[in-house]
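Participant: First the structure, then my questions, so here it is.
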Amino acid sequence: MKTFAAYVIIACLSSTALAGSITENTSWNKEFSAEAVNGVFVLCKSSSKSCATNDLARASKEYLPASTFKIPNAIIGLETGVIKNEHQVFKWDGKPRAMKQWERDLTLRGAIQVSAVPVFQQIAREVGEVRMQKYLKKFSYGNQNISGGIDKFWLEGQLRISAVNQVEFLESLYLNKLSASKENQLIVKEALVTEAAPEYLVHSKTGFSGVGTESNPGVAWWVGWVEKETEVYFFAFNMDIDNESKLPLRKSIPTKIMESEGIIGG
């Protein structure tokens with residue numbers, strides 16, 4: 001197993017056990033430079049409670065969570081009874097949707113896997129502002145600001161979260177330490193499995209706020225964790241995006257970094 005290299009700065013960003021200190025690894029910047037991308041990658045190793053990033057300043061800067069918010073939204077839906085259980089089917093009303101893969105009946109896992117925005121907008125509407133606000137405070141999720149509409153505050157409203165806060169939230173979920181039932185946390189964790197390789201298991205979720213412009217770019221996310229043998233690695237990546245053709249980079253850049261660290265891949 002390779003170790004994180006070229007750590008040059010230590011900064012206290014949080015009081016939590018996982019991200020109490022984070023180190024800057026400038027060697028990762030070559031992956032961003034190669035694609036002419038502005039972004040950040042935070043990678044934390046559970047056993048050593050150590051974290052690294054290519055950009056200390058951006059690691060703590062908050063952005064729209066976009067569809068990464070489906071993770072807490074699903075837990076809140078289960079906790080409030082809006083989602084009955086993991087077997088509940090969300091019926092398609094037959095009306096055209098932005099993506100063809102959303103135009104069908106979906107289970108919770110299916111809705112997460114295809115990132116079905118209409119399903120989670122309906123969940124949020126049924127949860128309502130009061131309960132939504134209560135749970136975001138319980139979860140210490142981002143700036144906890146749900147202004148901008150109950151069914152879009154995470155897409156174009158005022159909710160913001162940093163890459164560091166993302167990994168903190170994911171660690172709490174992994175350890176079943178969120179203020180939610182263990183059963184509901186397990187349901188969502190299972191729904192987040194995106195890769196099951198012989199040597200490792202990836203739980204993850206992407207997010208995309210839209211492309212924006214060159215002067216005011218959107219944000220693209222990939223967050224999650226990797227279980228490998230007895231180790232767990234939590235990660236959060238975000239990048240500025242002004243052209244949809246760059247969207248695959250939200251996964252390819254962090255994948256290359258994790259491959260170079262010996263976490264995933266061959």
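Any Cβ shown, glycine's included, is placed from N, Cα and C.
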Participant: From K45, K70, K177, K228, name the one Swiss-Prot lists as N6-carboxylysine.
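Facilitator: Checked Swiss-Prot: the N6-carboxylysine annotation sits on K70.
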Participant: With reference to Swiss-Prot, which of the candidate residues C12, C44 participates in the disulphide bond with C51?
Facilitator: C44
Participant: Can you tell which of S60, S115, S140, S147 Swiss-Prot lists as binding beta-lactam with T206, F208, R250?
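Facilitator: Matched candidate out of S60, S115, S140, S147, per Swiss-Prot for beta-lactam with T206, F208, R250: S115.
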Participant: List the same-chain residues at least 6 positions away in sequence whose Cβ sits under 8 Å from the Cβ of R250 (beta-lactam binding site), in sequence order, or say none.
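Facilitator: T206, F208, A220, W221, W222, F237, N238, M239, I241 - these are the non-local Cβ neighbours of R250 (beta-lactam binding site), listed in sequence order.
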Participant: Please list residues from the chain of S115 (beta-lactam binding site) whose Cβ is under 8 angstroms from its Cβ, counting only those at least six apart in sequence.
Facilitator: S67, K70, K205, T206
Participant: Cβ within 8 angstroms of the Cβ centroid of S115, T206, F208, R250: which residues besides those meet this for the beta-lactam site?
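Facilitator: My list of surrounding residues reads A66, S67, T68, K205, G207, A220, W221, W222, L247.
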